[in-house]
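Trainee: Among the features that TrEMBL reports, coiled coil is placed at 660-698. According to TrEMBL, the compositional bias 'Polar residues' annotation covers 7-27. As annotated by TrEMBL, domain 'PAS' applies to 27-102, 158-229, 286-351, 411-492, 543-615. Positions annotated as domain 'PAC' by TrEMBL: 105-157, 233-285, 358-410, 491-546, 617-669. Positions annotated as domain 'Histidine kinase' by TrEMBL: 710-978. Annotation comment: TrEMBL describes 1-27 as region 'Disordered'.
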Amino acid sequence: MAILPNSLESTPNSTKDQQTPESQQHSEAQFQALVANIPGAVYRCTWDSVGTMTFLSSAIQDISGYEASEFISDRIRSFDSIIHPHDRRRVKESVGQSIDNQHSYVLEYRIVRADGKIAWVYDKGQGTRDENGVVQWLDGVILDISDRKQTELQLRETQAFLNSVIENLPVGVFIKDAKELQVMYWNKTSEELLGYSKAQVLGKSDYDFLPYQQARLLRAKDRQILMGGTLVDIPEAPLNTPHRGERIVNAKKVPLLDETGTPQYLLGIFEDITERKQAEAALRESERHYRCIVETASEGVWVFDENNQITFANSRMTQMLGYTITQMQGRSLFDFIDSESQALIQTYLDRRRQGIQERYDFKFRRQDGSNLWAIISATPLFNDQGGFVGVLRMITDISDRKQAEEALQEREQFLSSILNGVENSISVVDVHQHQSEPDPSWEFRYVDVNPAYEQLIGIPAEQLRNQSLGAILPPDRAITITEHYTTCVQTGTSLSYEECFSVQGQERWWITTLTPLRDQHGQIYRVVSTSTNITQRKQAEQKTARLTAILESTTDFVSMCEPDGTLLYINKAGRQLVGLEPDQQISHLRMWDFHPESVNQRLFAEALPTVIQDKVWQGETSLVHQQGWEIPVSQVVMAHPGATGEVEVFSTIIRDISDRKQAEEALQKSEQELRVKNQDLQHTLDQLKKTQTQLIQQEKMVSLGQMVAGIAHEINNPIGFIAGNITYTRQYGMELLQLLQLYAKHYPEPVAEIQAEIEAVDLDFVRADFPKLLNSMEEGANRIRQIVLSLRNFSRLDEAEIKPVDIHDGMESTLLVLQHRLKSTLNRPEIQVDKHYGNLPLVECYASQLNQVFLNILGNAIDALDTHPEPRRITISTAVSSQLPVVPLEESPDKEPQNSQPIERVIIRIKDNGPGIPEAIQKQIFDPFFTTKSIGTGTGLGLSISQSIVVDKHGGQLTCISQPGQGTEFVIELPIKQQLLSSPLTFSFGESFPLSPKFVQSSA
């Protein structure tokens, strides 16, 4: 509280007493006018505990509602009494402190008006002191500031509201001064998002709490924004926080300008978008993931809008139809179907609009015009309002299945034609199980039968269907057959049995095979019965049994064997003669096992060629008993040809002539005793003759060997001589020609006799033709040497063991043998052979057998090109490849191979440009006796034997690659090193036994 003193009494030494009344009145008037124009109450009061007013202007009535006179000398009330009780002590203490410090005071406090309302006043004053410095009065002015206080209160409330809003905004808000860029405001969200409290950032720059590099970048950006003067949006900015690591924020910064447009502050608003960015990244990854799934799906994904236009097609869909995505985009579904399917697809579209989802088979048309059969899973698409917006179609290619169904249908028709055409009686029955005690029982009812069964049983198939066996067959036969069917079902395996019954009054024998059929659960639900009439076989068996009985009762040795010598039969007398047990197995024995080696040589050289040609041979030989002694015998060998005229079985009848031989020996002994004296002489003479004969024979053999060696030597030596001297001949001849040229140069005009001789010998022709003559001689010599070498290489029939061989040599030898078929003739053009040989190492193999493979394959290629138009070409290429070893099929698939290292192999490809081999025939080309050639030109064993040589003997592979019209290629793969050595193939009784015509022709 302050009171303004009377100006006329402001000093103790006033001039009041000296003024005249007129001047004093004038001064009072001036003072009153001055006070009246002050917007507040002027006062003077004493400086004591009450502060009694000595002067108070009338304006106090507007401020307090009380007249000024009521406060003068505390007439009615003191001014202190209207000060708000809560403010009185503060007012007194503040005035006292100002007086003590000799300062003026400025106060704002509340008063209680006369009407009881609270008013705010502004009080400013100071103390007036005497000459001793003692405060006499307090002079001051009081202003009503209630309106300002009300405005300030509203402003504070508004500011508090705004501060509360900003503090609780879900975004960070900060303010920096434009000069130092120090933080002036930092809301609560900023603390939570960035991890820095107000205490850590207020009044500080970015350098005080952020990493240097980050603070430097932010400072530069803030300066740039202040200079630009406009709002800047920073979509993404990485920011390191102490509590949550690196975060991503979206910030907006704008400079706050004063009235002159100068930046005063920098306002920043930011939000943490880390989770949103992570969610967006996750969404993008999810979209990428699902797009990848769609793009890599094995099914086609096809999306159409409500107008049936394509809006999306994945890669699989474009592949199936043969279009690119660009070509398909925006096209109609009707562009991919034929006219007959358009009405059907329109029906499907109507069902989609009705919200019906379904799955069906449909046929599309590919870009190349071919058909695409597919399973369509169609799903209608609707928007949130339920409006139809399109169709999602999942497309599964079933073209292969359709083809398989067509093939299956053809196969069923084929099997049906076979079923109806075969002579075997075939029936199919359903299996019905009945639970009964103690064991279950089965009933069998007819499902279908073939015409042969109808004819056998005499009942049409329509009447048989769904009938039980007991209802159709005679009771005793029905019981027997039911037992067979029951056994088949119980064991779960095929069952064969023989039965005899009368058909049209005649006894007939049948062999019946029952085969169980299982459903998808492995349960037997049907049984197929196949019956074959074996009456003739039974009759033959009876005849054979009678013949066998005769053979078993004879005292002669009787046996049969296959063309390779394997024993098929030997009778009882034969077993006894050679010491075999009655039940001893003979399938592993061969006929020559019972002859001495010398007899075998005779049989191979004399008997078998004769019996093959004349069908019979007779002579005396000997057998070897199991104990080792020889038995002299008389032997007859007979050949039994098959339907093709080739020998299928050899038979032999042997009679023991030991007694006769003993009688002959006794007779000879008797004669020798009668001529004992002459015997010595004759013996000596015989010995001399024998010795002489042996010497002559030995000399013949030596001479023969020398002759063979000499012939080889004499052939090679002249050829070598000719080849070796051609070089010198060329040199000498060229020197002579050069000399003649020098003579002609220096003596251009020879004598008449020389000129005549030059013309007689046609010197110019000789000079030009002589080098050509030498070239022809050299080429001929090389050709002869190559022919000798090639023929020797090809005919390595004595090489029965594996040895390292140059594959190219064998191929060249084979081509030489076939050269006469490759050359052009009057009836056919030449077959060109293109050779692309790789760098091959020596290969361990049976050279002669491998040459046989080359011969077979090349021979077939030449046959294929025989009637083919030009160009006619055979291409041969070789290379080396590495691959893992092949695990034999008979080994367990779980078994680890002993050697898992790659095996080096040579690859030999023989390809022709002939007509090719149809796919149906390709499956049978390696089958024995399969041939497409006319009768008499092929046996069908060439490729079968070739496969056996390559696969069985060499552990390799033989593959045929062919397409009709594209030619045929055979690929031979051989290991360079043989892991397991096999014995060479043998197609004869022994090493020196010639092949039968059948095998000779097959090998060729």
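The backbone N, Cα and C atoms fix where each Cβ goes, and this holds for glycine too.
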Trainee: Helix, strand, coil: count each for the residues of the domain 'PAC' (358-410), based on DSSP.
Mentor: 12 helix, 30 strand, 11 coil
Trainee: When you check the domain 'PAS' (286-351) against the domain 'PAC' (358-410), do you get at least 3 Cβ pairs under 8 Å, counting only pairs 6 or more apart in sequence?
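Mentor: Counting Cβ pairs under 8 Å (6 or more apart in sequence), the domain 'PAS' (286-351) reaches the domain 'PAC' (358-410), since there are 3 or more.
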Trainee: How do the residues of the domain 'PAS' (411-492) split into helix, strand and coil according to DSSP?
Mentor: 43 helix, 20 strand, 19 coil
Trainee: What are the helix, strand and coil residue counts for the domain 'PAC' (105-157) according to DSSP?
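Mentor: DSSP classes over the domain 'PAC' (105-157) add up to 12 helix, 30 strand, 11 coil.
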